[in-house]
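Marked as compositional bias 'Polar residues' by Swiss-Prot: 1-18. What Swiss-Prot lists as region 'Disordered' is 1-90. Under the heading compositional bias 'Acidic residues', Swiss-Prot lists 21-33. The compositional bias 'Basic and acidic residues' annotation in Swiss-Prot covers 47-60. The compositional bias 'Low complexity' feature in Swiss-Prot is assigned to 75-85. Annotation comment: Swiss-Prot describes 94-188 as DNA-binding region, evidence class sequence analysis. Residues annotated as region 'tle4-binding' in Swiss-Prot: 297-303.
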Amino acid sequence: MTLSGSGSASDMSGQTVLSADDADIDVVGEGDEALDKDSECESTAGHTDEVGELGGKEIPRSPSGSGTEAEGKGESQQQQQEGIQNKPKNSLVKPPYSYIALITMSILQSPQKKLTLSGICEFISNRFPYYREKFPAWQNSIRHNLSLNDCFVKIPREPGNPGKGNYWTLDPQSEDMFDNGSFLRRRKRFKRQQQDSLREQTALMMQSFGAYSLASPYGRHYGLHPAAYTHPAALQYPYIPPVGHMLPPAVPLLPSSELTRKAFSSQLSPSLQLQLSSLSSTAASIIKSEPSSRPSFSIENIIGVSAASSAAPHTFLRPPVTVQSALMSHQPLALSRSTAAIGPILSVPTNLISGQFLPTAAAAVAKWPAQ
C-alpha cells in the first residue's frame, strides 16, 4: 500500500512531473513557436530588407541609364542643330564693303568699264551669297548710291543699242578714291569739280538770255549803257526786226517834246551824244554831195514838206539816209546787250529825230528841183 501509494504517489508525482514537464514542454514549445515565429518574422523582415536593398539599388540604376541615354541623345540633337545653323550663318555674313566699293568692283571687272543697274546687281549677287539671299532689299540702296555720288557718271544708251536702263561708269578723277587700292578704306567723298569751260559757257548763255529773263536778279534796264554787250546779230545784219511785241513798254507815256528831251538827254551818255551829232553832220554832207538832178521826191511830197516847214519849222520828213541805218552801219557805237536797248529810239517818231539831229536837211531838200 505504501509502495502502491508511493508508487501511486510516485506515479502521481511522475504524472505531475510529466504534466509539469509537459507543461514545461508546452511552455518551451510555445517559446519555440514564438522563437520560430520571431525567426520567421526576422527572416521575412530580413528578406524584405534585402529585397528593399536590392530594389533600392536597382531602381536608381535603371533611371540613371535612361538619363545618360537621354543626355546623349539630347547632346547629339543639339550638335546636329548647331551644325545645321552654323552652315547658313557662315553664308549670311555681311561683307565688310560699302555700297560704293561694291559698285566700283562691279564696274572695274566689266570689259567695257561700264554696267547697267541690273548688271551691277547681278555681279554682287554672284560674288556674295549674303546679297544673293537678300536680293530685293538692297537694290534701291545701289540705285541711290549711283545717283547721289559724283564718282559715278551716267552714260545714256546708244540709239542702236537695244536694252533697258542707262550705263554707269567711274569718273576718271576718282581713281584714287580708295586708300592704296583697298576697297575697305575710302579716303574721302569724291566731288566733281566744274570745268572752267563749262562755267564760261554758262556765263555766256546767261548774258545772252539776260535781256529776256524777267526773273533776273540783276534786273533789266532799258536804254543804252556805256559798257554794254554788243549783240552779234547787230554786226552781221544791217536791219534788226522790231521786238516791241516781245517786250513790255519801258518808257512812260509823255508828250513828244518831253519824250524827245528825256529819252535822249537822260539815257545817252555824252560820248554817244557826240557820236550822234557827228553822224548828223555826216548825213548832211552826204545829202549835199548828191547830184541835184536825182528825182527823190514827188510833187505831193514837196508840197507836204513846204506846208510842214511853214507850220513847224523844226520838223521835216525823213531824208533818204535814215538815222536807223546810220546807227546800224556805224561800228564804234556801243549798243546794249540785246535789241531791246534800242527800242525807245525806234519808237520815237522819225520827224522828231530828223528835226533834232539834222537841222540842215531842210535847206538841202528845198534846193532839190521838183519834177
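Cβ coordinates come from backbone N, Cα and C, glycine included.
Note on the region 'tle4-binding' (297-303): its mean pLDDT in the predicted model is 69. Break the DNA-binding region (94-188) down by DSSP state and the numbers are 47 helix, 11 strand, 37 coil.
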